[in-house]
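Copied over from Swiss-Prot, here are the features:
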{"type": "ACT_SITE", "residues": "222", "note": "active site"}
{"type": "BINDING", "residues": "136, 165, 169", "note": "Ca(2+) binding site"}
{"type": "CARBOHYD", "residues": "95", "note": "N-linked glycosylation site"}
{"type": "SIGNAL", "residues": "1-31", "note": "signal peptide"}
């Protein structure tokens, strides 16, 4: 079994003011720095440092944002306030940190795409209501070493399931990705790892993704849906999530220390997907996934215990940092 030495609290990545209501807004935001260390899969392969040590820019307009995040030189881009624009995803360069200064830092109507890049950090950023024609809220394709942390991604469920696309989709053989401390909510098809049943040649042996300390709320499906790769889902709270964790097409998942409330299918397989379940509270649902073989991870981490997840995650996941 994994040696659980990594301490979430010491890394400054999880704990803060805790609220019980279904919201991700903390009364007291936690101060963070651009040098905070990535964890999970994003800590491997040399680690993920983003733009630390590079140039620093603060933006508050669409034009300034698109310009600031381009190119592969090391850079830290702070988003100050809400930027509204109906547009396709903005492509992010390698060695980039995109940081929301506070809970008001939101991209509305357009998302971001990390494609054929490496070493990217997206933290404390809100992304909302990106139409399907304009892509995902956050997309990762053909890329490695990406850390998505303390973000708030959402749309609404007032439209049909195809009005918006994914909130966080990780595809085309991407590796060493961590999604952590993020509020994922009010959406039909939330988070996809592996985009197609026919993409085995590209995805097999890749798609190594950690989901940790996340709050999933009012989601219909894909929390996440995982094809072909290797995934770790732990310390997360699920409320009103119909179809939760779906392992499929040979994926191997380790699912630990999660709590599900009002879920129809908490953990399940399709097309020969596999999972190992450890200390999960499935509520009125159950684990129907085929038994897998993934019992340890190549990094250190600490499990909160399913009974403690709600208190630790709700009110802390999401845009609860300040910079």
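Glycine residues also receive a Cβ, built from the backbone N, Cα and C atoms like all the rest.
These numbers come from a predicted model, not from an experiment.
Mapped onto this structure are the features recorded in Swiss-Prot.
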residue : record                      : Cβ contacts under 8 Å, 6 or more apart
95      : N-linked glycosylation site : 50, 51, 54, 72, 73, 74, 75, 118, 119, 120
136     : Ca(2+) binding site         : 89, 111, 113, 130, 165, 166, 167, 168, 169
222     : active site                 : 166, 189, 190, 191, 192, 243, 246
Have a look at the binding-site residues (165, 169) and report the one with the fewest Cβ neighbours inside 10 Å.
165
